[in-house]
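This report refers to the structure that appears directly beneath it.
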Amino acid sequence: MVLECRAHVIRHMTADLQKGGMGLRACLLGLLALFVTGKCSYSPEPDQLRTLPPGWVSLGRVDPEEELSLTFALRQQNLERLSKLVQAVSDPSSPRYVGGLHRFPPTSSLRQRPEPQVAGTVGLHLGVTPSVIRERYNLTAQDVGSGTTNNSQACAQFLEQYFRDSDLAEFMRLFGGNFAHQASVARVIGQQGRGLAGIEASLDVQYLMSAGANISTWVYSNPGRHESQEPFLQWLLLLSNESALPHVHTVSYGDDEDSLSSAYIQRVNTEFMKAAARGLTLLFASGDSGAGCWSVSGRHQFRPSFPASSPYVTTVGGTSFQNPFRVTNEVVDYISGGGFSNVFPQPSYQEDAVAHFLSSSPNLPPSSYFNASGRAYPDVAALSDGYWVVRNNVPIPWVSGTSASTPVFGGLLSLINEHRILSGHPPLGFLNPRLYQQRGAGLFDVTRGCHESCLNEEVQGQGFCSGPGWDPVTGWGTPNFPALLKTLINP
């Protein structure tokens with residue numbers, strides 16, 4: 001629902017406030033007047049008139065005593081100017097490129113590390129641990145943060161998912177013995193629940209802090225719901241009102257694009273645009289349903305995910321080892337989310353890469369299944385299959401999903417930010433224009449495998465397939481840390 005109120009009502013209330021202030025009763029009456037005087041009208045969003053989503057059942061009207069949470073957000077202006085600003089400060093070919101409008105950190109007290117020594121190999125393994133991640137992506141024991149507060153990273157948790165410090169400490173005791181690390185979160189913003197830890201929140205914190213090892217880490221805890229789903233806007237408004245923030249934020253949550261109202265999804269995307277202009281790196285999981293599937297007017301189509309489909313975030317897909325018990329080359333994890341947005345047009349930074357994929361892929365699904373002119377995702381990928389996680393002091397094997405690949409990639413970007421700060425450069429900021437200009441430099445190209453989609457005769461459960469270069473399954477590929485560092489270290 002979008003509320004549109006005539007400006008003179010607000011002006012009268014403002015004038016009264018300036019004359020001496022309103023009491024609580026007057027404020028409530030003023031707000032009530034907005035709804036009953038005829039000066040304020042409401043209209044449902046067109047996309048809210050659709051039938052119930054698959055699997056949902058109408059239970060009737062809400063009880064009059066039921067408490068409902070309402071979200072009010074001001075309509076944003078000058079979005080075209082903001083979009084141009086993001087492009088100017090995030091595009092390496094632009095004379096205004098700085099990675100974002102950063103508040104530069106104070107003079108760094110970090111010291112240059114010695115030349116790295118080659119780490120030992122893992123070989124056989126019984127699941128993905130920090131040692132396996134570091135082996136596959138070529139990190140050494142020296143590839144850790146300095147532990148200063150000049151560089152920081154964060155993850156956000158939703159849907160009443162919480163982590164426990166004792167689980168993090170046990171995880172690092174079991175799996176963090178061969179690299180410097182921190183065993184506790186530096187700062188929690190929001191309230192932590194007192195119940196059992198959630199597998200999602202535990203996974204996010206443990207692998208962000210082991211990939212981005214020894215870097216100060218914040219956790220944003222966001223209880224409640226919006227439209228029965230994650231309150232992304234409340235979290236983003238909190239970021240917008242903070243002047244000092246971590247440079248990298250990872251989020252392992254998402255929804256189907258069609259499950260959110262048009263007004264809400266556009267308002268959230270505007271906040272992503274603002275974050276990009278500020279020089280924040282936001283990474284989102286691409287989802288765990290492959291290309292997705294739903295039926296529209298009796299016809300099957302792929303079902304994109306949001307915020308993964310936003311043009312202003314970096315979206316992370318998922319891979320598996322070719323041999324599940326060895327550190328080998330990677331192939332597509334069939335659950336890896338990817339595809340084309342039905343809401344957001346394709347940004348200019350990826351047009352060439354997407355055109356090349358569409359013209360060269362030998363296994364494209366029928367064109368009626370996807371919007372070839374929409375924002376295509378993911379942008380990058382990392383291992384997403386078979387992780388070890390500690391939850392409620394119990395090690396749990398074979399946890400999978402792009403919820404795992406996203407904090408891993410985010411942690412490695414935090415390590416690169418550490419090197420950039422050492423060199424006197426700003427943090428990376430919004431990464432996508434640079435990723436696409438550099439055409440996968442510093443990444444392992446994943447060229448084998450397809451992800452899942454609709455189980456019907458036409459596509460038989462197969463969505464898109466990976467291939468050379470960018471593809472809507474694993475993006476540009478997975479990180480080769482020394483090469484990626486070399487690619488991204490300089491402005």
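Keep in mind that glycine also has a Cβ here, set from the backbone N, Cα and C atoms.
TrEMBL lists Glu200 (among others) with the feature active site, charge relay system. Listed in sequence order, the residues of the same chain lying 6 or more apart from Glu200 (active site, charge relay system) and placing their CB within less than 8 Å of its CB are Gln157, Leu159, Gln161, Ser252, Tyr253, Ser403.
For Asp204 (active site, charge relay system), the Cβ neighbour count at a 10 Å cut-off comes to 28, with all displayed protein chains included. Among the features that TrEMBL reports, active site, charge relay system is placed at Asp204 (among others).
Residues annotated as active site, charge relay system in TrEMBL: Ser403 (among others).
Marked as Ca(2+) binding site by TrEMBL: Asp445, Val446, Gly469, Asp471. The Cβ neighbour count for Val446 (Ca(2+) binding site), using a 10 Å radius and every protein chain shown, is 27.
Here TrEMBL flags 127-491 as domain 'Peptidase S53'.
When averaged over the domain 'Peptidase S53' (127-491), pLDDT in the model lands at 94. Per-site Cβ counts within 10 Å over the recorded positions Ser403, Asp445, Gly469, Asp471 peak at Asp471.
Asp445 (Ca(2+) binding site) sits 25 Å from Asp204 (active site, charge relay system), counting Cα to Cα. Distance from the CA of Asp204 (active site, charge relay system) to the CA of Gly469 (Ca(2+) binding site) is 28 Å.
Same-chain residues that are not part of Asp445, Val446, Gly469, Asp471 yet have a Cβ within 8 Å of the Cβ center of the Ca(2+) site turn out to be Gly440, Thr447, Ser466, Gly467, Pro468, Trp470, Thr474, Gly475, Trp476, Gly477. Straight-line distance linking the Cα atoms of Val446 (Ca(2+) binding site) and Asp204 (active site, charge relay system), rounded to a whole number, equals 24 Å.
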